[in-house]
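S.K.: Take this structure first; my questions come after.
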Amino acid sequence: MAKGLQGFSWTMLLLFCAIQELGSWAMHTAVEGPGLGQPGDPALLAGGRVKRGWVWNQFFVVEEYTGTEPLYVGKIHSDSDEGDGSIKYTISGEGAGTIFLIDEITGDIHATERLDREQKTFYTLRAQARDRQTDQLLEPESEFIIKVQDINDSEPRFLEGPYIGSVAELSPIGTSVMQVMASDADDPTYGSSARVVYSVLEGEQHFTVDSKTGVIRTAVADLDRETQDRYEVVIRATDMAGQLGGLSGSTTVTIVVTDVNDNPPRFPQKMYQFSIVETAPVGTAIGRVKAEDSDVGENTDMTYQVKDEEGVEMFKVTTDSNTQEAVITVQKPLDYESKKVHTVVVEALNKFVDPRFVDLGTFRDQTIVRVSVLDVDEPPEFRPPSNLMEVQEDAHVGSVVGVVTALDPDTANHPVRYAIDRSTDTERIFDIDAKTGAIVTGKVLDRETAGWHNITVLAMEADNHSQVSRASLRIRILDVNDNPPELATPYEAAVCEDAKPGQLIQTISVVDRDEPQSGHHFYFTLAPEATNNHHFSLLDIQDNTAAVHTQRVGFNRQEQDVYLLPILVVDSGPPALSSTGTLTIRVCGCDSNGAIQSCNSTAYVVSATLSPGALIALLVCVLILVVLVLLILTLKRHHKSHLTSEDDEDMRDNVIKYNDEGGGEQDTEAYDMSALRSLYDFSEIKGGDGGGGPGEGVPGRNPTSELHALPQWVQSPDLDFSVFRDYICRKVEQADEDLSVPPYDSFQTYAFEGSDSPVPSLSSINTWSSSSEQDFSYLGGWGPRFRQLAALYAGRRGEEDSEES
């Protein structure tokens, strides 16, 4: 061995039975690996071996091997192997020991399982040559690959199905519809196993498919959606380039023919008839017509229009976007007496027209609609429909404002009666003549109070008041000069003591409730009573205002602190009216700059305080509140005393409850029995003359009274129940007098106490027999608390026994 080999070189004996049968060998370029001698190495040539052209570290095995014996893959061999079995060959990696087995002596590799290239294309393993005795590596480990050789065992498959395509109707021949693609799991780099071609199995009379690309195209130009809107085309894919023996797969392609606007709208009828009453209001729908269109979608969208002039004036046609129907409505009021039948020409046309199919014809159609007007009894109609009248505000009561006229539009022409809707004229300012329709004033008018009046006039047939029509009438009250002008406010002015002549004190303006058509024009002058005034002057500025100026030098507020200046204001009429207003001028002390410091009057303070009227109103409110409070307190006190008197007579409020058990039989101070006896004066219970017994020797104790105090159902003839009887009678009388109040007392009867009680009862309620039949000796065993009770009953028993004896 040459030293350049660095150990050993693997000699690969490549035996490929399947490849030899196919007559093909795979030739590859050399790949360098660990311990590998390079082709052409002098050391290898000196050994007398022929240079090999295949790669030593690749094996090939055919997939889907169906033989009964393991498939021979190849052989590994070391140059140091002398054939004496001292070298042991082993492999490791993918499938080693399971799929691939190696003969440790010869180095032959076999495949024990059926391989599938579509699941795994190659396996990577490592080869070792070890000394059989020491198990040491004789040469470095070398890696090699076993490739799975492909055969045509997979048919083409359409993985993206189901396929659904679409094409517009009337498309030209060769229009692309869609593309389908089949996938073959075989090796595309080896042979023709994965070369797929396409063909049409079903539907070839309408569609074709490109054998290489799988693009489906139209085969005819007359596809009509209205005739057939979908096609089922079966496409087949065959591998091995379509050669004999190739595998194939198929899929179904659904092709939907989409619509184009190639059909015009058509009315099913050439004439439609409708009827409507003449009183139908504007906007009332008369009927619907619809043009049919064989297309679908937006190609059926259409618009309708009225073509004749008469129809355009009287009727309106709109399109219902949901149903694509023409809705015919009334556009102007109908009149049976004027025209009984109307003829309307309605045209339907497609909204979207495809210019490619214009040569197929006009995409519109027309129909005739006859509308018959039905006669009804109509209410009167106001003629002319003027709704404005005018009247002077100084018109006398009964003056005619205007006349309304209404006529019966029916052929019978019934007489008409008029009235005013009083809900619009509650004050009855106007009246109307029922026969002539003349509107007259019913009260004195005042424009300043109400300048406009809106009333509703009713017109009805004389013999049928249900046929009534209404008309709104606006009456304008014309102004006359009946209000004199007045000062805008109660003017008050101040003048400094050191005022100079010609100084402006106040500018005066006026208001007038009248509204003359030419506008206001007022004249100002001092009133006649101020003719001797030498302190102030009045200047008419000619713009409906006037100015007051001082006319003297200085004022002395000690002599006179207030001046009243009467001013006469006159309007322009006609007739001219006037009024006199007073300007109050106060003399005040001012500083050197003319600012007012103080005045003798509180003119400037009054405006900031409450007026006398407001003060009086406030005091009245406070007084009313005080009276109400006193009245409420008095009523509460009276009601409380009344309730107290009633509570004294109510037995329910005089029950005293004790929750303390007390100190037993010997405790005589635990209960204050006088509280129970304080309400009523009971008669004293007289004790009977009892015989002897155990209680007779006890001083200060009456055995007979104690026996009667026990809860026995024996009524003593000495008890006085008159107090209770009187109380009950009084309550019964009160209840009889006041039927709205239920009585407090009620009586309930309990006729059965119960039975089979495990503990004997101490009560004497169910003791109907003689007391001698009961034995109370067991009371002695109840303890010291019941000692006295046991003694009493034992004594009672002894007395009864002595009486019986």
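Note: Cβ is positioned from N, Cα and C throughout, glycine not excepted.
TrEMBL labels come from automatic prediction, so no person has curated them.
Pulled from TrEMBL, these are the listed features:
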SIGNAL    1-26  signal peptide
DOMAIN    78-158  domain 'Cadherin'
DOMAIN    159-267  domain 'Cadherin'
DOMAIN    268-382  domain 'Cadherin'
DOMAIN    383-487  domain 'Cadherin'
DOMAIN    487-604  domain 'Cadherin'
TRANSMEM  614-635  transmembrane segment
S.K.: Could you tell me the mean pLDDT over the domain 'Cadherin' (159-267), as a whole number?
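M.R.: Taking every residue of the domain 'Cadherin' (159-267) together, the mean pLDDT is 89.
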S.K.: Please list, for the domain 'Cadherin' (78-158), how many residues fall into helix, strand and coil according to DSSP.
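M.R.: Once the DSSP states are binned, the domain 'Cadherin' (78-158) shows 0 helix, 36 strand, 45 coil.
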S.K.: DSSP helix, strand and coil counts for the domain 'Cadherin' (487-604)?
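M.R.: Output for the domain 'Cadherin' (487-604) reads 5 helix, 55 strand, 58 coil.
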S.K.: Could you give the number of helix, strand and coil residues in the domain 'Cadherin' (159-267) as assigned by DSSP?
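M.R.: Looking at the domain 'Cadherin' (159-267) with DSSP, the answer is 3 helix, 45 strand, 61 coil.
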S.K.: Pull the DSSP breakdown for the domain 'Cadherin' (268-382) and write it out as helix, strand, coil residue counts.
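M.R.: Its residues fall into 16 helix, 53 strand, 46 coil.
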